[in-house]
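Feature annotation from Swiss-Prot assigns SUMO2 cross-link to Lys58, Lys65. Residues annotated as N-acetylserine in Swiss-Prot, with similarity to another entry given as evidence: Ser2. If you look up Swiss-Prot, you'll see Ser115 marked as phosphoserine.
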Amino acid sequence: MSAHLQWMVVRNCSSFLIKRNKQTYSTEPNNLKARNSFRYNGLIHRKTVGVEPAADGKGVVVVMKRRSGQRKPATSYVRTTINKNARATLSSIRHMIRKNKYRPDLRMAAIRRASAILRSQKPVMVKRKPSRPTKSS
């Protein structure tokens, strides 16, 4: 079934849809912007890209759909864990999408999602206020 036909079926009735604030969002896997649109839908396309946080809380997992084996959903996804510093991680994602000519329209969205995940994994430094001297009278 073509992606356009699947989109016509799925766009208004899906278990992943969330409608609030006069907008429609989607919680499906591999939807980089969580938007209910044809481009970012993670279910209907033959090639999809997803970025998730790694299980151990350090790094990201890039999920890509294989071109071959579309009829076998259990083996149709390739998961690559990237556990480097932020610049190298974003560069790796950029190269995975650009060098393989794999959905270049999703490159910037994947980089932004990975950047947000990496930023959330950074430890928060607590700023201590300098203690005020006590008044001596």
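Placement of Cβ uses the backbone N, Cα and C atoms for every residue, glycine included.
The modified residues listed here are Ser2, Ser115; among them, Ser115 has the most other Cβ atoms within 10 Å of its own Cβ. Of all the recorded sites listed here (Lys58, Lys65), the one with the fewest other CB atoms within 10 A of its own CB is Lys58.
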